[in-house]
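*Asks:* Feature annotation from TrEMBL assigns transmembrane segment to 85-102, 108-126, 133-149, 161-183, 195-213, 242-259, 271-292, 363-382, 403-420, 426-442, 454-484. Annotation comment: TrEMBL describes 512-635 as domain 'STAS'.
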Amino acid sequence: MGTAAGDGGRPLGAVAAEHKVNLTAQRPFSEALRTGLAETFFPDDPFRGFGSLPPAERAWGGLKYFVPALEWAPRYTLGKFKYDLLAGVTIASLAIPQGISYAKLANLPPIIGLYSSFVPPLLYAVFGSSNNLAVGTVAAASLLLASIIEAEVPREDNPELYLQIFYTAAFFTGVIQTALGVFRLGLIVDFLSRSTITGFMGGTAAIIILQQLKGMLGMKHFTSKTDIISVVRSIFLYRDEWRWQSAVLGVCFLLFLLLSKQLRKKKPNLFWVSAIAPFMVVIIGGIFAFLVKGNEHGIPIVGDLKKGINPLSISQLTFTDNHVKTAVKAGFLSGILALAEGIAVGRSLALIKNEQIDGNKEMIAFGIMNIAGSCTSCYLTTGPFSKSAVNFHAGCRTPMSNVVMSVCIMLVLLFLAPLFKYTPLVALSSIIVVAMIGLIKVKEFLHLYRVDKFDFCICMAAFVGVVFFTMVIGLGASIGLSVIRALLHVARPTTCKLGSMAGGEIFCDVRHYPHARSIPNVLVLQLGSPIYFVNAGYLRERILRWVEDEESASKTDGQDLQYVILDLGGVSSIDNTGIGMLGEVHKSLDRKGITVALTNPRLEVTEKLVLSGFIRDKVGKEWVFLTVKDAITACRYGLQRSRGKEQSEV
């Protein structure tokens, strides 16, 4: 069947089309390897155009790629600074209460939250590629770090070691993030799908809100566990510690913060009101607690805050066998989560301005600022959505807004930090609760349920796992389901039967377009994925089942199936097992007197089919076509020739 020819020895393929598949193109192994690595690790081709530049300009271009500040700083103007100054002051007013709040959430000294808003933003301004991202601590990563480290080193038992492991975890986070960026391994972050992040953030927000009842009720004792059962049990177990004074003040703060958010929604131009509302809560709460001596009347306060900028903490990094595993685990999990959130926020804001950010450069920037932060009394930082959104709406133009914020935090650390000692813990709890409410995206849950039930299950696995078990279990379960889904797509790829439309000019899936007509005596199948050892067996069985079904349908119509056309346009690659599978299919169909034709194989596939001898020894190059239409034309010619021979014999 592989050597059929037309009249006078004319190949059937010659009657189909003037243009044919190039079966002679072969690349050297080095070129194929280089192309494959480039597409895997450099899909954006960041150094394109460098080859034609002189060595000095090439080196300067490479330096500007890794240090984006060299790109925008020479063109910086006073006009841009006016916008960045306003944005920087605005996000600084948000960074102060959030820094203190998230540090308390992680069971760290409040001053660590302010330290973490001073050094990292300066480094991001130099190495970051986003004009909109504002750097700081985040609630989800803070709680995740606390839950992992607390399980190994309870803070009450050894607060100094607890803090040291936080610094060490930040160091490993930075090393991992930098390595991912340098080696272009951002694809690892892609395993955190949007559904996973939505469910994880929603579950984490729900737990954080419940945990803030400790501060809202003025309690002193609380569980270190994060599951909802332990949290609720702890709330009622220590109900004798409830303080109505804290509860009343907390409700007032909540109402004020929620009203400021509603005002922003109704009048977007007044976004600054909601941006400074948390800072106003801290100021008003501090003054109130100072005047009424709140700490003596059921309103616990933050306590002493040391004045001065970040002390060096490089000597506090601990790499002992007993604790390094905990630090690596906490650093890796929180680092990947922080990367996913920071890059997603940066990209979403960049799209609004029609800008682009480089994910790998962002990883390097996050990594450098976390390594430096771990040596200067900071814990993990990234680009939180709330602060970045405020930075964006405040009109930032460049990363200089992060520098302005950092300078403001430095002034607070040098001169004003002790004044925040009277900040009521209930004020911090109110700020966290309002920030977390926006992370429980019920509309997104419903959207996932309507659009994709499997994505909804992935989302709910993260949500339920976090709420009822631990953050690590929730994140792991959701990622596991995502990986299983990806493997299923590879192991069970989609195949479909094509029918003709528009007079045979267009070929479409017959299930999608029921009015598409089948071609008599011809079965056209489209394969839409790489053919690997994982799916080769499935594809063989699926193709043969299509053939059996088509044979039954053809016999019902009084016809015989004589040709099977495999459209390989969607097959991006094939391995040796896949080639063997095609050989088995060809052998099975050849026994039935059915001819196999191939259409539109890609370069990577064509190379291997030629080198393996599959086309030469089995199919025949005259049965490889550029389009499905060409293949059908050849099949019809073959049918006419066969019928003409039968009539002449009669």
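Placed from the backbone N, Cα and C atoms, the Cβ positions cover glycine too.
TrEMBL entries are annotated by machine, without manual review.
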*Asks:* Let me spell it out: take the transmembrane segment (454-484), skip the flanking residues so only those 6+ beyond its ends count, and list any with a Cβ under 8 Å from a Cβ in it.
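*Replies:* Counting only partners 6 or more residues beyond its ends, the transmembrane segment (454-484) has Cβ contacts under 8 Å with 143-144, 147-148, 191-193, 195-196, 198-200, 202-204, 206-207, 226-229, 333, 337, 444-445, 448.
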*Asks:* Is it true that the transmembrane segment (108-126) and the transmembrane segment (403-420) have 3 or more Cβ pairs under 8 Å, skipping pairs fewer than 6 apart in sequence?
*Replies:* yes
*Asks:* Out of 161-183, 195-213, 242-259, 403-420, 426-442, what stretch is closest in contact terms to the transmembrane segment (133-149), meaning most Cβ pairs under 8 angstroms?
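*Replies:* By Cβ pairs under 8 Å, 195-213 leads among 161-183, 195-213, 242-259, 403-420, 426-442.
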*Asks:* Flag the pair the transmembrane segment (271-292) / the transmembrane segment (426-442) as in contact if three or more Cβ pairs fall under 8 Å (sequence separation 6 or more).
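*Replies:* Between the transmembrane segment (271-292) and the transmembrane segment (426-442), contact is present.
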*Asks:* Okay, the transmembrane segment (426-442) and the transmembrane segment (195-213): do they have at least three CB pairs under 8 Å, pairs separated by 6 or more?
*Replies:* yes
*Asks:* Apart from its near flanks, which chain residues at least 6 from the ends of the transmembrane segment (426-442) lie with a Cβ under 8 angstroms of it?
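*Replies:* Distant contacts of the transmembrane segment (426-442): 97-98, 100-102, 104-105, 139-140, 198, 201-202, 204-206, 208-209, 212-216, 218, 246-247, 249-250, 253-254, 257-258, 261, 278, 281-282, 285-286, 299-300, 302, 386.
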*Asks:* Looking only at the domain 'STAS' (512-635), what are its DSSP counts of helix, strand and coil residues?
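*Replies:* Residue counts for the domain 'STAS' (512-635) by secondary structure: 63 helix, 21 strand, 40 coil.
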